Structure formats: structure tokens, C-alpha cells
């Protein structure tokens, strides 16, 4: 369970997050949706202690963020930021293997190697393992980074727009993988998506944000409707109900 | 890949050993004991300086995530020289010379650590991009050098001679007093860096990724900056500023092993730096008749490498 209590955040006088209180239930996929500048990424980076909390409290699986040692939290929570620039001259295999760092601190055992190999296979990366990351295309790089994040093997995974640069095939593969991991290993995955229909098809819960405020949250079927979409995105769109999953035309 | 790295490392060890032996034995004449002792001290100093510059450059590049920055490009050694000149100014030439050099050295190292932290920690926290960092570094370097020359004008000529003696790049007149202390410091620094090699691999991914993987970013970066400051102080105190040596050593070393993993990179770069210094010094003493200073040629070649790197677009 991720518990967010009265969290606010300001950058240079502008309020980025305004008194957010939210509970993300344990297990399942939670989609964070909202227009640009809604504060989704800021909320995610606060949960992942990438920037210091200004106001309020966040606990992940009972561990208070900001008070728990970074090293301990890294075994519970993995995060992928939007477009992280990986500057280091590393090969795909090496980079994905770094995802296991919190567990072995630099001395990988057989278990770590097995997980890395499995993850590389899972994300269609086995053939790229010896390539340098900087030589890959945007979509391939994105897959490498997502693979590294899942390699960390944590119960909680935060993904900031992981579908960036992915083609339809790999976007679908990734969402199916997220779904499967959530179902089989009862992991909690919070994912920022812009494509509402991906949220509709794969998420158990929706959290909608706008201008630093929480607009709506709850189970997908209850929350996702024309009224909420209009309120958050600012225009009418029709939602085909009765279908599984829901489909929004926009 | 591991095989390639071990071949490179063995080759470099052989090169360093060979050049060390050549340095000690070429053109021996006169009082053997005296010459060997002199050369031995000089060789030790070259090794200490090479390791200090190599390791500090790798650490600095990892923290700033940048392959063309070095501590000296960022003005860190100019800062050291400024500290030294200021000390001469405050204490007077006689006062400075009569102090135990180890005491002033310790004071200078401490000062450099504090100043380096005060300057670079906020810049790293703000996660400045490369262009900005480079610009700030160049401006700071010019500032420190100008301040140094301002103070140099203010003090009287005798004191100035003391200050210049202390701050001019030279591998010929070494402070033997400082050598033992420097060697110990450098060894400690190298050991700390080596123990951190896995963390350094993660830190080179950048702040966000490193925090996500459980690195305590702030304390790690603070520690690394202190280490860099200590190593820069050691090499600058021994032989004065050598701006580009670190850059060449890292660029060459990385080409040779084709990886940025610190477990391999750190020893490779240290060995490359030592090899460049020792081979260069041999060339000077025996072929160019000590006509110039080693530092001058290292800077000349280094400047060209630096430009080539910029033009080749190796930005990170």
C-alpha cells in the first residue's frame, strides 16, 4: 500500500501539488492520468524520494519515505523517470544487470544472473545484450530502461510514461507484462499513461489529476466516464460502455 | 571483454615497470648512491602524481557525468594555488618557508576540500548541464588565476619567489618532505575509490537512477568531492598544476578497455597516467636535454586531445 497524506509541493512560488491525499492499494495496476503539467511526475518522484518532501507524509508498504534509508527502500520500490539520460558507456546487458544492484551491491550471484537473463528475454533484448546503450533507437532504449526497472524485482514499481517511443507492438507487450506481473506476483505498479485506452484496458485503478489537484480516483470501471474525462481533459469524448474494456473516442 | 581488459592491464603494468626501470638506469654515472636516491624519489613522485590525477579525474567525471571535464578544467588546482599564494601573502615569505611544509600542506588540503564542496555541491544539486558546468568552470578558473596574480603583485618580490616556487609545475625540484605524506594520502584515496567501484558504476547513471537503486546520493557525492579535492591537492602540491594529464589519461584508458566500469577503468587510467609521466620524463631527460618542462608538453598534447574530443562530439 502506498499511503500519501496531505502532500503539497511548490517550485519557486508555483504550487505544483496541492494537498494530495491518496491511498494506492497493494497489488494491481494503478494508472495516473491527467493533462501535461498536472503534477503526475512530481507526485511520482516524491513517492520515489527523488526529491525531498516539503509537506505531508508518504509511506510505501509501511516505510516512511524520506526517513527510510535509500538502500532499504530500493529493495521495495523501483522507479523509472521520464527520459532519463543514461550517459554512461554501458552495454545493454550491463545496464539491465545494474537493476539488481540493491540486492547484491556489486557482487551478483547466480540468482541475480538468472533474473537478468529472464528479464532480457522477456523484453526482447537478448539479441541486443552486447550493444552499447547509446547506439540504440529511442524505443529500444526505453525497453532497456523498463527492463532494468523490473529487474530490480521490487514489490512496488513506479513508471513515468513508459510507453514513450514504443511502437504499438511493444507498447502492448509492455502493458501485458505489467498486467501479468501484477497478477502473478501481486506487485503494485503505478504507471503514468497518456493513452486513456491503455489505462482502461489494463489498469485496476485510475487516479486522475489536474493542476496539482486530485480530480478523481477509484476502480477503473467506476471512475472512467465521459463526465470525469471532460472534467480532467476539458472536452467531451464518448465512452463506449458495455464493451470490455471500455473504449474512449477522442 | 574481461579478457581484453586483463590484457590491457597486464600490458600497462609491463609498460610502467619497463619505463620505471629505464628511468632508474638510463645514463647512470657519477655517485651511484646519490643518483639512484634522487631518481628513486622522483620516480615515486611521478607515480603518486599519476595515480592521484588519474583517479581524481575519473571520480570527477563520474560525479559530473561528463567525459571532458577534469578537476583542473574546473579550476580546482587553480584554487589550490590561490590558497597557497594567499598563505604566503598572509604569513610572509619567511613565515611560510619556516612553517613545517607538512603543516601548511595539511592546511591547504583542508581549505581546498571546504572550498570545493562549497562551490561544486550546489552545482551538482542543481543538476546543471554540461555547457553550463564547463562555462562556470572556465570562469572560476580564470577568477582564481587572476586573484592569484593580483596577490602576487601585492606581495614583495622575495615572497613572490617563494609563492612561485610552490606553485609552478615542475617535476625536477620536489618537496621530499611532502612525498611520504602524499604517497600515503594517495594510496588511501585510491583504496577508497576502489572500494566504491560498484557504487560509482551506479552513480554514473545520474542522480535519479542512482537514488532509485538505493544510493544515498548526497552523502556519496559529498564524499567523492572531498576525495577529489584531496587528490588534486596532493598532485598540485607535489608538482603544481598539470591541466590536461587527467583528460588524456582517461580518454586513452577508456579507448583501450572500451568500457566505463570503474573496476577496470580506475586501475587502467591510473596506470596510463603514470606511464605518460614516466615515459615523458625519460624523453625529456635523455632526448630533449631537459630543455623545457614536462608539464609544457603534457599540456600541449593534452590541449590537442581536448579539442579533438570536443570536435568528435564525445560529450558524455
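Sequential numbering from 1, following the chain as shown.
Cβ atoms here come from the backbone N, Cα and C positions, even for glycine.
Per TrEMBL, transmembrane segment is recorded for B:7-28 (among others). Within its own chain, the transmembrane segment (B:7-28) has Cβ neighbours under 8 Å at 35-36, 39-40, 42-43, 46-47, 256-257, 264, 267-268, 271-272, 274-275, 278-279, 281-282, 285-286, counting only residues six or more beyond its boundaries.
Here the transmembrane segment (B:40-60) has Cβ contacts under 8 Å with residues 20, 23-24, 69-71, 74, 171-172, 174, 176, 179, 182-183, 186, 189-190, 193, 200, 224, 227-228, 231-232, 234-235, 238-239, 242, 245-247, 249-250, 253, 262, 265-266, 269-278, 281 of the same chain, all six or more residues outside its ends. The transmembrane segment annotation in TrEMBL covers B:40-60 (among others).
Look at TrEMBL and you will find B:72-97 (among others) tagged as transmembrane segment.
Taken from TrEMBL, the feature transmembrane segment covers B:103-121 (among others).
For B:133-155 (among others), the entry in TrEMBL reads transmembrane segment. Listed as Cβ neighbours of the transmembrane segment (B:133-155) (distance under 8 Å, sequence separation of 6 or more from its ends, same chain) are residues 64, 66, 68-69, 72-75, 78-79, 81-82, 85-86, 88-89, 93, 119, 123, 163-164, 167.
Remote same-chain partners of the transmembrane segment (B:175-193), defined as residues 6 or more beyond its termini with a Cβ less than 8 Å from a stretch Cβ, comprise 41, 44-45, 48, 51-52, 55-56, 58-59, 101-102, 105, 109, 200, 227, 230-231, 234, 237-238, 262, 266, 270. Feature annotation from TrEMBL assigns transmembrane segment to B:175-193 (among others).
Same-chain residues lying 6 or more positions outside the transmembrane segment (B:200-217) and placing a CB less than 8 Å from one of its CB atoms are 59, 62-63, 65, 127, 193, 224, 260-263. Annotation source TrEMBL lists transmembrane segment at B:200-217 (among others).
Residues annotated as transmembrane segment in TrEMBL: B:223-252 (among others).
Feature annotation from TrEMBL assigns transmembrane segment to B:264-284 (among others). Outside the transmembrane segment (B:264-284), and at least 6 residues removed from its termini, the chain residues within Cβ reach (under 8 Å) are 5, 8-9, 12-13, 15-16, 19-20, 22-23, 26, 42-43, 46-47, 49-51, 53-55, 57-58, 171, 190, 193-194, 197, 245-246, 248-250, 252-254, 256-257, 290-292, 294, 297-298.
Sequence annotations record features per position, and here TrEMBL assigns transmembrane segment to B:290-314 (among others).
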Near the transmembrane segment (B:72-97), which residues from the same chain, at least 6 beyond its ends, have a CB less than 8 A from one of its CBs?
-> 60, 104, 107-108, 111-112, 115-116, 119-120, 133-134, 136-138, 140-145, 147-148, 151-152, 154-156, 158-163, 166-167, 228-229, 232-233, 235-237, 240-244, 246-247
